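Over in TrEMBL, the protein carries these features:
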| type | residues | note |
| --- | --- | --- |
| SIGNAL | 1-18 | signal peptide |
| TRANSMEM | 35-58 | transmembrane segment |
| TRANSMEM | 109-129 | transmembrane segment |
| TRANSMEM | 167-185 | transmembrane segment |
| TRANSMEM | 416-442 | transmembrane segment |
| TRANSMEM | 462-487 | transmembrane segment |
| TRANSMEM | 519-540 | transmembrane segment |
| TRANSMEM | 560-588 | transmembrane segment |
| TRANSMEM | 609-629 | transmembrane segment |
| TRANSMEM | 635-659 | transmembrane segment |
| TRANSMEM | 679-698 | transmembrane segment |
| TRANSMEM | 718-740 | transmembrane segment |
| REGION | 765-857 | region 'Disordered' |
| COMPBIAS | 811-822 | compositional bias 'Low complexity' |
| DOMAIN | 836-901 | domain '10TM putative phosphate transporter extracellular tail' |
| REGION | 873-907 | region 'Disordered' |
Amino acid sequence: MISTSLLSLAVLASTALAQSNSADALPAAAQTSTPTVISALILNAAIFGIEIGVFFLLRARFRVIYEPKSYLGPPDEQCEPQKKTLFGWIMPFLKTPSLSILEKNGLDAYMYITFLWMMIEMFVPIWFFSWSVLMPVYGANSGGINTGFNQFSMANVGKLAQQQKRLAAPFLIQVFATVWILYCIRKTTQEFVLRRQQFLTSHKTQASPQSRTILVTGIPNEMLSERKIAQLYSHLPGGVVKVWLHRDVKDLPDLVEERSKWCNKLEAAETSVIKMAYKKVNKKKVPEEGKADVEHSEDPIDKYLTTKERPSHKLGKVPCMGEKVDTIQWCREEIGRLNKLIGEKRAAVSTDYKEYPPRNAAFILFKTQVAAHLAVNAQAHHQPYRMNDRYMGAHPNDIVWENLTMNPYEKKIRSAIGWAITLAMVLFWIIPIGLVGVFSNIGGLAEKVPFLSFLNSDALKVPIGIFQGLLPTILLAVLNILLPIILRMLARLSGIPTKTGIELSLMTRFFLFQIIQNFLFLTIVSGSASNITGFVQSLAENPTAFPGMIADAIPKAATFFLSFIALQGLTGAASGFVRIVPLVIYYVKLVLLGSTPRKVWHINHDMGAVAWGTLFPTTTLITVIALGYMVIAPIVVGFAVTTFVLYWLLYKYQFIYVIDQRPETETAGLFFPKAVNQVFAGLYLEQVMLCALFFVSQSNGNGSTDPATATEPVKQSAIPQGALMVVLIVATAAFHYFLLDSFGSLNHSLPLTLVNDGDGFAPEITGQQASANGQQISEKEKSVKGDSSPSTAGGQDTYAQDPEKLGHSQSGGPSTGAVSGTTGVGSGAHGTGVSASSSVDEETFQHPSMLDEQKPIWIPDDKFGIGRAGVAAARRQGVEATSENTAVNEKGSVTTDAHVPPGEILD
């Protein structure tokens, strides 16, 4: 969906930029704008019908593409299978309540659907009143000269004083629309707060360790002690259960990553020789020897492959350079070596606090959920930037571990640089897009630039036509697809320590690009295409005229965005239903990438997910366009409503049957408040533009605004409306302020009034436990200063909570802590992230490189005994391997019936 949006904007921008570079073609382009939009509507409607028809035909045949959640994933998150009839599934789908999305895919997904429904509720009444009131006002005997869709815009109102009185109608509709929009926003925000509070206080969420764990960064060295951190937060309800200090593990992650790379290579090599043996036997190139005696005979591979046919690779850092080695033998030896080296490194990290010290951050697990929320909102340290960044609901899989070691000052500097680059990209992205626009009309440029005149020769006519038609669209699509990747990278480099935090930052950055480049810039280009040079010159001479110039350009650009919204609502939504690209990629992967049992398993079991940081801004761009034109060119609103309805149907279907959002990506709806603020940004922009349009509106007795031909003095005709618009803008800003003031803290915090007696889920205590009188288990603790030594293998202590030092439980008695647990990160119910079991693993928040074991080499079984021989040989060299639950069939294809691949955890 996002790629479709970016591609459609690329195509439209290419067209607009091409027009802006060819003044001679502009009059014709302007006259044909309405037929062009109608043609686009017909084309998109035809594509929509075809794609929906294909979806109906393919839906029941490819469950893995169109309803994987009916049989994949945890049982409590699966949906009811669809009926296999052509139309029998429709009514059950429509009757399925949206709340089922909350249960199956979490609050983020539910609030996105709610946001789309809010857009429908918001724009349907505006659509009705703007079409029934404004379109007759603009188009019926208004004195305008525009035709087609442009006659239903504010620019079509004539210049006679009597005609200018019609501008009272758009102001009244604007007041109604603003009041209704603010009402819808407040109502839905109130629902969001309620849903979020219900989500946070549900038993499944409260029982989850994730709901009671916070991440604190910027901890000074003198505080990097588990005992000191626990004592710091000991006065909170229930106190601290467990503290995990982040350790500087140096090159250990690189070693673990390298081992994983060679494990994947070994799996691929082992599987390839088996498939090659089947291929040669089936082609009668070698005889079928049957099962081999693995213990007493030579390697079975040698019976079917020559030495030259065995997999090999070169060890040089430069591809195709270096010593050539046998892949299977070398990988076994290298993995065995790395296993020993990683084990030694881990032992050193566990015992040597000087070489591998704690650094900057800690994870803190509280006994009660309310204590965690209080800790996140409490100022922890008296010095600037110390322990200043605190994150609620920490999940091991959500952490960007390399950013945890970043000190607060480095993070501030990186963040400032990242935002500076972001703003520069947003502002100057016009340059590459402008160059692409030049490429899209290279023929027109050749007519004006003498040394390029050879490009218009007859011999180059066809190549130049292909160049102008294909290259600009491809380049613009690539540029727009690269942008979110670059912005996400900038957010990551800014030091944000969680992946969800990066997505939240990306949402803001990408929206800035959408509103500046894809709305304002394209509005200027399309609305001023007939005189883009004059527009730039006027702006340079009088920058304060920018709002009025934008307001004048907006009505002229309406047809441009009509095409865009039509493309999104029809072709975009239908493409989301038919999923042709995922269907093709699925089978391409099976054929080309299904080289190992592990890859085959993931191809058949992995479900898609959405990236909120790009999905929300893409949706709010359509909101901004609809807001911008709801009064100035109301015909756009009808198209926008159609798009939002189709999006709502599409994403309701996908969140119920297709998409699986992982628990670690859950923010409990924090993307929604950002989306509401983006709606306000669009509303402010629309109000300022309409205000400017009122102030620049002029009237004259004979309809001329040229003083030389006017029969009466030219005068401003809508000053009252403009002045009242200023009042309306101030009122909107005041409402926005009070909305943030009243609901802002509720969007993030857990109110004490919602804490009940049942709050406080202590993990199961295993191993050595605290005595009833609150005696501490261990007094020894290692800090950065080296005041004591670690008491556990992981360098971490556990706590029994003394009533006087580490707080009290809600029941009034002493709280108890956990020494170790038996359950780490698991599946649980969606939204809890960490296993809903109340037990906590001692190593849950250690660096993954300290925990990740070597994944068993998963080799398919076969009738020749090659796979079993490979497993035995790997184990002899200290490499874990297995051939369980996988085999190669008679056709030489890999099959597997494993519930989970060896060495992996089903989230």
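Cβ atoms here come from the backbone N, Cα and C positions, even for glycine.
When pLDDT is averaged over the domain '10TM putative phosphate transporter extracellular tail' (836-901), the result is 87. Sequence-distant neighbours of the transmembrane segment (635-659) (same chain, 6+ residues past either end, Cβ-Cβ under 8 Å): 1, 65-70, 79, 82, 93, 96, 98, 100-101, 104-105, 109-110, 112-113, 116-117, 119-120, 123-124, 126-127, 130-131, 135, 149, 152-153, 558, 561-562, 565-566, 568-570, 572-573, 576-577, 579, 607-610, 619, 622-623, 625-626, 629. Secondary structure of the domain '10TM putative phosphate transporter extracellular tail' (836-901), assigned with DSSP and counted as helix (H, G, I), strand (E, B) and coil, comes to 15 helix, 11 strand, 40 coil. A contact between the transmembrane segment (462-487) and the transmembrane segment (560-588) is absent, since fewer than 3 of their C-beta pairs, 6 or more residues apart, lie under 8 Å. Between the transmembrane segment (35-58) and the listed ranges 109-129, 416-442, 560-588, the one holding the most Cβ pairs under 8 Å is 560-588. Long-range contacts of the transmembrane segment (109-129) within the same chain: residues 98-99, 101-102, 173, 176-177, 180-181, 184-185, 188, 191-192, 195, 610, 612, 615-616, 619, 623, 626, 630, 634, 637-638, 640-641, 644-645, 647-648, 651-652, 655, 659, 661, 669, 671-672, 675, each at least 6 residues beyond the stretch ends and with a Cβ under 8 Å from a Cβ of the stretch.
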